[in-house]
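The block underneath contains the structure these notes are about, expressed in structure tokens.
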Amino acid sequence: MATLSPLLLAALLWVPVGTLTCYGDSGQPVDWFVVYKLPAHSSPGDVAQSGLRYKYLDEESGGWRDGAGSINSSTGALGRSLLPLYRNTSQLAFLLYNDQPPKYRGSQHSSNRGHTKGVLLLDQEGGFWLIHSVPNFPPPSSSAAYSWPPSARTYGQTLICVSFPLTQFLNISRQLTYTYPMVYDYKLEGDFARKFPYLEEVVKGHHVLQEPWNSSVTLTSKAGASFQSFAKCGNFGDDLYSGWLAEALGSNLQVQFWQRSAGILPSNCSGVQHVLDVTQIAFPGPAGPNFNATEDHSKWCVAPERPWTCVGDMNRNKREEHRGGGTLCAQLPALWKAFKPLVKAWEPCEKENRAFSPRSPAKD
């Protein structure tokens, strides 16, 4: 295999000074993107077998595209977006949180904290919020470079990155006081600490102590796209999807989540809106790929009749009814048209009405 010259590699990794934003697979700033890391055996090929293959989506991609190489690469959307973490961070603020953090500063898996994973990275003009499902990710800022954890290669994962102006981070930081994240690395100094007191509270491990136990806020991206953030704390005491989200969005939901944990909640059709557990995922085209939900650690849901799509960090199980976490939703046509066809089959309710056929393929 031919190697890249140092000059070419430097050009590929170049990030403009003062431009903290999500970067797409093409290397250009984007308002938002979604990366769907595929399960290791989802399709043939060396990259696929090693669990480093992914699909990429943004506003201009025209649907899902094959990722630009390996998800472990610093030149792809994830690596390029997170690159400032592993360079000079003197002018930045950041927060890395994960209920299963990398081994750093003695951090341990903490089941009393929120089941929530993400990155906030910002400068004086704005930055991005990355919400994901990946354990042990990303590496702390003291690491030599971006990398993908070997522990996250086997199963599917989802990550959504949205670029926001600085003004939106006050609402974002307040949402984190509900989700009670395990922060394993951060930098919050000077003006950032003064502008975002909620982030200081989050870093100290503080969280909401009185009702309401959930919060929904509208966030506006740098390009003006509208996102709805849903956050709950453990005292909410109910499933995020059937206990709140379906009613809030006014729609049935098909939910993909990790189905190898204990206490899985079955599909729920007790309310006006039905919440159905996805059992099979299939990407379009003859090459697929397609796989079972038991091979997929991602967390997302889609409304089959209305253009809502949400990507987050919570499962549907009994334990997580009593843990913090959330999801980020939008009515973006590009997002909905990409996610809706992924649902190949779902678990029906025991007495489900026939609006959805038992375990049947999704209808066009």
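Glycine residues also receive a Cβ, built from the backbone N, Cα and C atoms like all the rest.
The signal peptide feature in Swiss-Prot is assigned to 1-21.
DSSP gives CYS161 (disulfide bond) a strand state. Swiss-Prot lists CYS22-CYS161 (among others) with the feature disulfide bond.
Cβ neighbour count for ASN72 (N-linked glycosylation site): 18 (other Cβ atoms within 10 Å of its Cβ, all protein chains included). Annotation source Swiss-Prot lists N-linked glycosylation site at ASN72 (among others).
Annotated N-linked glycosylation site per Swiss-Prot: ASN88 (among others), in sequence order, evidence recorded as similarity to another entry. Contacts of ASN88 (N-linked glycosylation site) defined by a Cβ separation under 8 A and a same-chain sequence distance of 6+ are given as none. Reduced to three states, the DSSP call for ASN88 (N-linked glycosylation site) is coil.
Under the three-state DSSP scheme, ASN171 (N-linked glycosylation site) falls in the helix class. Counted within 10 Å of its Cβ, the other Cβ atoms near ASN171 (N-linked glycosylation site) come to 16, all protein chains included. Marked as N-linked glycosylation site by Swiss-Prot: ASN171 (among others).
Under DSSP, ASN214 (N-linked glycosylation site) is assigned to a strand (E or B) in the three-state scheme. The Cβ neighbour count for ASN214 (N-linked glycosylation site), using a 10 Å radius over every protein chain in view, is 21. Sequence annotations record features per position, and here Swiss-Prot assigns N-linked glycosylation site to ASN214 (among others) based on similarity to another entry.
Per Swiss-Prot, the feature N-linked glycosylation site maps to ASN268 (among others); the stated evidence is similarity to another entry. Listed in sequence order, ASP239, SER242, HIS274, VAL275, CYS349 are the same-chain residues six or more apart from ASN268 (N-linked glycosylation site) with CB atoms under 8 A from its CB. Classification of ASN268 (N-linked glycosylation site) by DSSP places it within a strand.
The annotation disulfide bond is assigned in Swiss-Prot to CYS269-CYS349 (among others) on the grounds of sequence analysis.
If you look up Swiss-Prot, you'll see ASN292 (among others) marked as N-linked glycosylation site. A sphere of 10 angstroms centred on the C-beta of ASN292 (N-linked glycosylation site) encloses 15 other C-beta atoms.
Sequence-distant neighbours of HIS297 (active site): residues of the same chain at least 6 apart with a C-beta under 8 Å from its C-beta are SER133, VAL134, PRO135, ALA152, TYR155, GLY156, GLN157, TRP258. The active site annotation in Swiss-Prot covers HIS297, and the record cites similarity to another entry as its basis.
Annotation comment: Swiss-Prot describes CYS310-CYS329 (among others) as disulfide bond, evidence class sequence analysis. Its Cβ placed at the centre, CYS329 (disulfide bond) has 25 other Cβ atoms within 10 Å.
In the three-state DSSP scheme, CYS22 (disulfide bond) is classed as strand. Rounded to a whole number, the C-alpha distance linking ASN171 (N-linked glycosylation site) with ASN214 (N-linked glycosylation site) is 14 angstrom.
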